Every structure is written in C-alpha cells, then in structure tokens.
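Peer 1: Take a look at the following structure, please.
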Amino acid sequence: MSEHYPTLAQTALVAAAFKILLFPAYKSTDFEVHRNWLAITNSLPLEKWYVEKTSEWTLDYPPFFAYFEWILAHVARLVDPLMVKVYNLDYDSWQTVYFQRTSVIVTELVLVWALQTFIETAPLKSRRAAQTVALSIILSPGLLIIDHIHFQYNGFMYGILVMSLVLARQNSELLSSGLIFAALLCFKHIYLYLAPAYFVYLLRAYCLSSKSIFRIRFLNSIKLGLGIGAIFGAAFGPFAAMDQIPQLLSRLFPFSRGLCHAYWAPNVWALYSFADRILIHVAPRLGWAVNKSALQSVTRGLVGDTAFAVLPEISPRTCFVLTLFFQVVPLIKLFFQPTWETFIGAVTLCGYSSFLFGWHVHEKAILLVIIPFSLIALRDRRHLGAFRPLVVAGYVSLFPLLFTPAEFPIKTIYTIVWLVVFLLAFGRLAPASNKPRIFLLDRFSTLYIAISIPLILYCSLLHHLIFGKAYEFIPLMFTSSYTAIGVVGSWVGYMVVYFTA
C-alpha cells in the first residue's frame, strides 16, 4: 500500500468525525419518514406494518428494511421512548436526531468493510488505484449530501451492493455474490434495475459450463435457486402467510406518480421537459398546437401531474421499453464475454438505462451509476474519460436537495474539493489504453467541466442575489438540464468504451 495515502479505516474515522459535526444540519422529510418507520415497526404487530397510514409517510420499502428498522427501534426506544410512538408525528427531539444520525454513520461501516475487501482482493498492480477509488467512495459528496444531511441509509445498502460486486470477482464466491444481491433486493427494490446484469452473469458464469452454453451445471443452479428462494421466503413469507402480498406490492410500486419528480432528475426526460418549455414559446410562431391546460404547471412531476404543452405525453410503457432495450444491448456482450470487468460495466449500463429512461426517477438514484462505475473507472484513461462528466453532473445535480443557506458552503466547497482532489488523482493513476482515445469524448469532458463552474456559481448564488425569490424555477431548470447533458454524454461515451474494450 502506498505510504502517500491514509488507510481506509483512518479516512472513515475522520469522515465520521466530520459527519458528527453535521448532526444539527438541515434534515429533509426523509428524517420523519424513517422515524415513523421506527414507530410502526416498534408499536404495531407485523400484520399492520404495510397497512398503517396514520402518517402520510407509510412504510414502502421491502421487508428486510422493515426488519432493519425493527432492530433499530429496540435501541431507539431506550434512547427516547416518544421517538417510537406512531401518533407522535414530526417528533424530532435532540435525542431522536442524534440517534438517527448516529445510526446512519454506524451502519455505513458495511460500506467500509466492502471497500476494504475491494482493496484486498484487487490485483497487486492495481492495489494503489483500488485504494484511491475506495477513498473516493467513502468520502463521496453524494453520500454526504443524501445520507448525512438530507437523511437516508444509502451507505449501508451500497455497502451490501459493493460487497456483492467484489465477491463476483472470484469464481469461488459467485454464489455468495448472488445471494447477497438477492438480500439487497429485499432491503430496497430500486436495485431491481441492476438485476438483469446479475441474472445474465450468474447464468453464464455460474449456472452454465464455461466450455459450452448448452451444458447446465445443475448443482450450481439448484444451490442458487434454493438460496434465492430461501432469502425471498424469509423476507416475504410472513406477509404471504397473512395474504398481504398485494397490499405490500401496492406500497412498493405506486404508479400514480408522474413522469418527472418535482425537481427533474438529470435524465432524458429532463431534457425532454426542458425542450417542451422552450417549444411553448416557439410553437405559436410555427403554428403548432399548444396544450393550454399544461401551462398551468410550471414545475412538472407532482404526483399524477405530468403534462406536456407541445411534445407528446410519455407513458410508463414507453419508459419500460426504452429502459429494457438499452439494458439488453450491453447484456448481449456480457453473455458472450462473462468477465468481471464486463459484468461491472453491464451493471453500470443497467444503472444508466434505468436512470435515464425510467419513470419518476429521483436525482438520488444517480448513485446507482456512480458507485458501480467507480470500481472500474481507473481501468484506463478511456474509462476515466466517460466517468469524469458523470461525477461532476451527478454530484452537482444533488445540490437542490439542500436549499437552506447554512448548507450552501458545505455542499459546494466539499464537492468542489472532492472533484479537484480525486479527478486529479484519478488522472495520474489511470493507465493509458491500448485502444485509441475518443477525441470527442475527451473534449466533451473538458468543456463540460469548465462550463459547470460558472453554472454552479449562477444557480447557487448569483441568481438569488440578482432576482431574489423571483423566477425560482430557472436555476433548478438550468441545473437539471445541464447536468442531464453531462449524464447523457457520459452514457454515450461509456457505451462506446464498453463495446470497443
């Protein structure tokens, strides 16, 4: 290990100390969501967990996460008994705040463990690069903003994902990798978007013979099938016994939401929505029809309120077909070339597809792309060229989550320092590729990062100084649309890299 880098444990310890200082910071409604889930799982019997609706923040994660909240609730009630009362809505005593913030830091140790495993199992010549990647993830601005200020438990669950991905590097651990991922699906169903890559990789590398795709390894297939069945049985079995599966699924998959969230996630539909806003002013001059009712909604993506004034409406089916198509394309290569690097690339592209074309995507889901991609970003300079605009766009797109003045210097300074330190380090560590570099991608990456600096300055500071509270949607629209260009450009660039590697 290079003496120039602190160890992962040392870094995690310093990061935890910094996160403790953020305990009094802004917290979103997600804080009350998780407090309410503590109360539901502590105060009510199992059969009422997915029925209870005293609060609007009903339990809508899979059963393993509910069991996780149940375990936390046993400690929470010792810290502050009022914290775990269902009727005690919007309760946020200092004991509650400190307990919930601490639980995020402690459970993030799963991510530290997974990243340490990633370092230790990396080839010796790649150990220094693996160390740098691990540090970049544990210090991720995304996790700091989403988990430790806004409030969620992504570090814990991405730790499970990273462990599964790392174990997949060893043929002897493929079964463990698949079972850990199955357990992850029972914690949070958003990871279903990555499941196609797992299915193809485990089918090809574990269930079929390496010599012939027509020879099935029956024992491996049985072990994998029984293991996954046991995990899903442990998660959903009790609710199936109570005939609550339809109710549970209605909580997990609510389809009444609109195409875009209130703040457009930086994906294809953000660009589509932006184009529609521009066409509202152009269409009358061209003689195009304008949907007058859609003009009533300046911010799109409110529940059940996604309407376009000029462009055609987008249906959930359209989103599903596009997502599936752009996932299947890289899976074809994975099936015929089932290496670990190709697998991580396919997982990354599945994350891209679901984020770019999915229905009602949240900006926080960008971590589905960034974290898997990080594991292979230093494979060579071509990979890094596609990765750079992704992290710039992805992390900047999270800024609107923290809209209070006190958090402005934290999110901007921390993110900019992270980008400068790690993108410079990555540039020094990424080896040259044996394939020619993509000129347009290199220029796009450099130009995109350069333009992002004044954009951040305007959207985060100058707009408010110039216009005050007027035109508040403009910086959000600019941020969403510009970061969408970065994510889409990164995706196109990585698709080229993936298929020519």
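Numbers run from 1 along the shown chain.
Cβ coordinates come from backbone N, Cα and C, glycine included.
As listed in Swiss-Prot for this protein:
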- 1-4: topological domain 'Lumenal' (TOPO_DOM)
- 26-103: topological domain 'Cytoplasmic' (TOPO_DOM)
- 125-128: topological domain 'Lumenal' (TOPO_DOM)
- 150-179: topological domain 'Cytoplasmic' (TOPO_DOM)
- 201-221: topological domain 'Lumenal' (TOPO_DOM)
- 243-252: topological domain 'Cytoplasmic' (TOPO_DOM)
- 276-319: topological domain 'Lumenal' (TOPO_DOM)
- 341-355: topological domain 'Cytoplasmic' (TOPO_DOM)
- 377-383: topological domain 'Lumenal' (TOPO_DOM)
- 427-446: topological domain 'Lumenal' (TOPO_DOM)
- 468-472: topological domain 'Cytoplasmic' (TOPO_DOM)
- 494-501: topological domain 'Lumenal' (TOPO_DOM)
- 5-25: transmembrane segment (TRANSMEM)
- 104-124: transmembrane segment (TRANSMEM)
- 129-149: transmembrane segment (TRANSMEM)
- 180-200: transmembrane segment (TRANSMEM)
- 222-242: transmembrane segment (TRANSMEM)
- 253-275: transmembrane segment (TRANSMEM)
- 320-340: transmembrane segment (TRANSMEM)
- 356-376: transmembrane segment (TRANSMEM)
- 384-404: transmembrane segment (TRANSMEM)
- 406-426: transmembrane segment (TRANSMEM)
- 447-467: transmembrane segment (TRANSMEM)
- 473-493: transmembrane segment (TRANSMEM)
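Are these features on the surface or tucked inside, and what are their neighbours?
Peer 2: On the 0 to 100 pLDDT scale, the topological domain 'Cytoplasmic' (26-103) averages 96 in the predicted structure.
Within the chain carrying the topological domain 'Lumenal' (201-221), a Cβ under 8 angstroms from the stretch's Cβ atoms is held by residues 168, 171, 174-175, 177-178, 334-335, 338, 343, 346, all 6 or more beyond its ends.
Residues 47, 50-51, 58-63, 189, 236 of the same chain lie 6 or more positions beyond the ends of the topological domain 'Cytoplasmic' (243-252) yet place their CB under 8 Å from a CB of it.
DSSP labels the residues of the topological domain 'Lumenal' (377-383) in these numbers: 3 helix, 0 strand, 4 coil.
Remark: secondary structure over the topological domain 'Cytoplasmic' (468-472) totals 0 helix, 0 strand, 5 coil, with classes taken from DSSP.
If one looks beyond the transmembrane segment (104-124) by at least 6 residues along the same chain, the residues whose Cβ comes under 8 Å of a Cβ in the stretch are 8-9, 12, 16, 19-20, 130-131, 133-134, 137-138, 143, 147-148, 151-153, 155-156, 158-160, 162-163, 166-167, 169-170, 375.
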Peer 1: I need to check the long-range neighbours of the topological domain 'Lumenal' (377-383): which residues 6 or more away from its ends have a CB within less than 8 Å of a CB in the stretch?
Peer 2: 126, 129, 132-133, 341, 426, 429-435, 437-438, 441, 494, 497, 501
Peer 1: Based on Cβ pairs under 8 Å, which of the stretches 129-149, 180-200, 253-275, 447-467 lies most in contact with the transmembrane segment (222-242)?
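Peer 2: Looking only at 129-149, 180-200, 253-275, 447-467, the most contacts with the transmembrane segment (222-242) come from 180-200.
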Peer 1: With Cβ distances under 8 Å as the criterion, find the stretch in 180-200, 253-275, 320-340, 384-404, 447-467 that has the most pairs with the transmembrane segment (129-149).
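Peer 2: The stretch I would name here is 384-404.
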Peer 1: Based on DSSP, tally up the residues of the topological domain 'Lumenal' (201-221) by helix, strand and coil.
Peer 2: 11 helix, 2 strand, 8 coil
Peer 1: Treating G and I as helix alongside H, and B as strand alongside E, what does DSSP give for the topological domain 'Cytoplasmic' (26-103) in helix, strand and coil?
Peer 2: 49 helix, 0 strand, 29 coil
Peer 1: Answer yes if the transmembrane segment (253-275) and the transmembrane segment (447-467) have at least three CB pairs under 8 Å among residue pairs 6 or more apart in sequence, and no otherwise.
Peer 2: no
